[in-house]
Amino acid sequence: FFYAFRGIWTALTTQLNLRLHFLIGSLVLILAVYLQLPLIQILILILTIMHVVATEMFNTALEFMGDGVTLEHRDFLKHAKDISAGGVLLSAIFAIIVGLIIFVPPLLNL
């Protein structure tokens with residue numbers, strides 16, 4: 001587990017986007033608890049947040065590996081990084097959709 005925790009720490013200390021995902025995820029969970037959402041919805045939110053965090057970490061790892069190969073422009077590395085970033089974007093869009101489905105009804109009832 002040492003290397004895994006070191007990897008998480010490295011990602012958190014070097015990647016602003018990852019820190020933002022954790023911050024937003026924490027705020028989402030605080031709101032979910034405040035609204036007293038059902039446990040199943042909170043679990044869905046946790047899974048969705050962790051999916052975004054995991055895709056961001058895979059993207060970061062791929063970027064580090066690509067930069068380790070060469071800092072020169074290479075189309076195949078650019079494509080790999082762009083595809084990985086696209087995966088993070090899709091994950092974030094999915095998270096927003098899940099959040100809207102879960103939060104809009106109780107917020108409209110306030």
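Glycine too: its Cβ is placed from the backbone N, Cα and C atoms.
Here is what TrEMBL records for this protein:
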BINDING   Y3, E63, K81, D82  ATP binding site
TRANSMEM  20-37  transmembrane segment
TRANSMEM  43-62  transmembrane segment
BINDING   E56  substrate binding site
ACT_SITE  E56  active site, proton acceptor
BINDING   E63  divalent metal cation binding site
TRANSMEM  83-104  transmembrane segment
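In the shown protein chains, 10 other C-beta atoms lie within 10 A of the C-beta of D82 (ATP binding site). For the transmembrane segment (20-37), same-chain residues at least 6 beyond its ends with a Cβ under 8 Å from one of its own Cβ atoms are 12, 45-46, 49, 52-53, 56, 99, 102-103, 106-107. The Cβ of Y3 has fewer other Cβ atoms within 10 Å than any other of the binding-site residues Y3, E56, E63, K81.
Sequence-distant neighbours of the transmembrane segment (43-62) (same chain, 6+ residues past either end, Cβ-Cβ under 8 Å): 7-8, 11, 14-15, 17-18, 21-22, 25, 28-29, 32, 37, 80-81, 84-85, 87-88, 91-92, 94-95, 98-99, 102.
DSSP assigns Y3 (ATP binding site) to a helix in the three-state reduction. Calculated from their C-alpha atoms, the gap between E56 (substrate binding site) and E63 (ATP binding site) amounts to 10 Å. Put simply, the two farthest-apart Cα atoms among Y3, E63, K81, D82, the recorded binders of ATP, are 27 Å from each other.
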